[in-house]
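What TrEMBL says about this one:
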- 34-55: transmembrane segment (TRANSMEM)
- 150-172: transmembrane segment (TRANSMEM)
- 208-232: transmembrane segment (TRANSMEM)
- 349-370: transmembrane segment (TRANSMEM)
- 390-407: transmembrane segment (TRANSMEM)
- 413-433: transmembrane segment (TRANSMEM)
- 445-464: transmembrane segment (TRANSMEM)
- 470-490: transmembrane segment (TRANSMEM)
Amino acid sequence: MTRSASSRTRPAAASRWPKASPLRVARALTAHGAIALAISALLYVLCVTGTLAVFQAEWQRWEQPAVSEFATVSPAAAERAARAMLARDPRPTDHLYLNLPTPDIPRLVVTTDHDAWVADASGALVAPEAHPWTQFLLDLHYYLTLPHTAGLIVVGILGVLLLAASLSGFLAHPRIFRDAFVWRRGSGQAAEADLHNRLSVWTAPFHLSVALTGAMLGLSTVLAIALGAAFFDGGPRAVFDPIFGAEPAGDDRPADLAAIAAPLGHMAETHPDLTVAHVIVHDPGTAGQHTAIIARHADRLIFGEYYLFDAEGRFTGTVGLADGTVGQQVAASVYQVHFGSFGGLPVKLAYGVFGVALCWIVASGMTLYFTKRARRGRPAPRLERAWTGVVWGTPGALGVTLVARLVGLTSAAGLAGLFWAALAVAVIAAVCLNARARAGRWGRVWAGGLPILAILLHALRHGGAAAEPLALGVSAAGILVALAAWRSLALRPVKS
């Protein structure tokens, strides 16, 4: 006779692990959510700053509008500016840079390791270069204001996470491409989820390429350090030199400054079709000095080619970024692809639109996560309000730093600390409010009001220079973005 199923059932073996208390599990889940929120917040900061950094040349000119601009400069004037810079500051410097007038920044700027000055078309130094907010914005995007190596590592890892999130999102939604143009309009969760998925599909080439190139830029130094130590018995230069060129051995004996006019004349005569953007004198004023000219090639993604000259101005060759190995050309194109620094203003505007879409994708992704979590009986209202503080606090904190820069409340070095402090205040304030909707409303006032205040202060500070076409265009765009922030629907309460 067969035993019944109940008679064959044995009691389950006791677990060897101690039973977890519900309180401890709840605290662990909260900590887990807080860590995810922090990572998402850093990723969102990178998305916002990256969108703004696409227009770094425009920001630089807007921040210092009252300097002379011109389309070209003579080789002799460029050399006069370089000599004037070394005469003004005779301290030893490893490099002397001349940023020549280009369509995006039609100015002549001379830089050493210690200082930077703007020169006029005759080569006379006229004013110190002053765009600390633009430089802070770039440092925030490149390094999250951390020490450079550590910052590159963190930013590179975040690029990998963005790439992984994008790919896993596509895999988790098999119909995402089939439903690329399906959008259930309304104010509910379904409409917000559809818009999140639609923007993810429509901008996929952009955010996948940005994530990949960001990871490459961020982690390249780390990989170079590791590869250099493991295979080349040296540092990262052993990896980068075959790509970007190696510097010859130095000679510290004093010497007159290397010729600059002669190399520029050579470029104008032999390569009139190229845009000469930068002149770099390595170890200026020493017997071992040499010059590199970076020239941009039209209709190419590479940032340029290095044309090399000796101290007397004789051409010695190129590095090979334009016609070298595939690896060299890819490496020279990563920065351009990441920031949209090709194709002029139309490409920049497209990157700006796609960047705003990526910011919305990241913001709405976390919002949908919290909404689904609440529907499953595991709400996290404080974390949800904290995320609202991050979304609106990030542009607001950038507005605080810009206002502080314009009224002189803080030094250039203090902008980083001010940004993180303002963002922390925004997050804490959002958590203290008793509803996400209220946090979102105050966030819109914060994020939209401060940029408009900054634009008004800019007009008062610079007077007529603020009405120049470029400065006026940047200010007008800022006002439109601020008004859009006030009317944004991204963080309205999601109805199920």
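Backbone N, Cα and C atoms are what each Cβ position is placed from, and that goes for glycine too.
Where the annotation comes from TrEMBL, it is an automatic prediction and has not been curated.
Beyond the transmembrane segment (445-464), the same-chain residues lying 6 or more positions past its ends with a Cβ under 8 Å from any Cβ of the stretch are 62, 65-66, 392-393, 395-396, 399-400, 402-403, 406-407, 426, 471, 475, 478-479, 481-483, 485-486. Scored on C-beta pairs under 8 angstroms, the neighbour of the transmembrane segment (150-172) with the top count among 34-55, 208-232, 390-407, 413-433, 470-490 is 208-232. Where the transmembrane segment (34-55) meets the stretches 390-407, 413-433, 470-490, the count of C-beta pairs under 8 angstroms peaks at 390-407. Contact between the transmembrane segment (390-407) and the transmembrane segment (413-433) is present: at least three CB pairs lie under 8 Å, with pairs separated by 6 or more positions in sequence. Counting only same-chain residues 6+ beyond the ends of the transmembrane segment (470-490), those with a CB under 8 A from a CB of the stretch are 55, 58-59, 61-62, 65, 187, 360, 363-364, 367, 391-392, 395, 444-445, 447-449, 451-452, 454-455, 458-459, 462.
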